[in-house]
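These features come from Swiss-Prot:
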| type | residues | note |
| --- | --- | --- |
| DISULFID | 2-18 | disulfide bond |
| SITE | 8 | site 'Pharmacophore' |
| DISULFID | 9-23 | disulfide bond |
| SITE | 12 | site 'Pharmacophore' |
| DISULFID | 17-33 | disulfide bond |
| SITE | 22 | site 'Pharmacophore' |
| SITE | 24 | site 'Pharmacophore' |
| DISULFID | 25-31 | disulfide bond |
| SITE | 26 | site 'Pharmacophore' |
| SITE | 28 | site 'Pharmacophore' |
| SITE | 30 | site 'Pharmacophore' |
| SITE | 32 | site 'Pharmacophore' |
| SITE | 34 | site 'Pharmacophore' |
| MOD_RES | 37 | serine amide |
């Protein structure tokens, strides 16, 4: 499965964000999937 909006993600390991989302690490200490539109 993939990660959706607001779910915790990691650039270096899976699972990755779903299509249409990217892993944003701006809101430390966690990275979260955000909509890339």
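Positions of Cβ are set from backbone N, Cα and C atoms, glycine also.
Locations of recorded Swiss-Prot features on the structure.
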residue : record               : Cβ contacts under 8 Å, 6 or more apart
8       : site 'Pharmacophore' : 30, 31, 32
9       : disulfide bond       : 3, 15, 16, 17, 23, 31, 32, 33
12      : site 'Pharmacophore' : none
18      : disulfide bond       : 2, 3, 4, 33
22      : site 'Pharmacophore' : 33, 34, 36
25      : disulfide bond       : 11, 31
28      : site 'Pharmacophore' : none
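Taking only the Cα positions, the spacing between residue 24 (site 'Pharmacophore') and residue 37 (serine amide) is 13 angstrom. Residue 18 (disulfide bond) falls within neither a helix nor a strand when secondary structure is assigned with DSSP, and so counts as coil. Calculated from their C-alpha atoms, the gap between residue 37 (serine amide) and residue 26 (site 'Pharmacophore') amounts to 17 Å. In three-state terms derived from DSSP, residue 37 (serine amide) belongs to neither a helical nor a strand segment and is classed as coil.
Taking a C-beta cut-off of under 8 angstroms and a sequence separation of 6 or more, residue 26 (site 'Pharmacophore') has no same-chain neighbours. Neighbour counts of Cβ atoms within 10 Å were compared across the disulfide-bonded residues 2, 17, 23, 31, 33; the minimum falls on 2.
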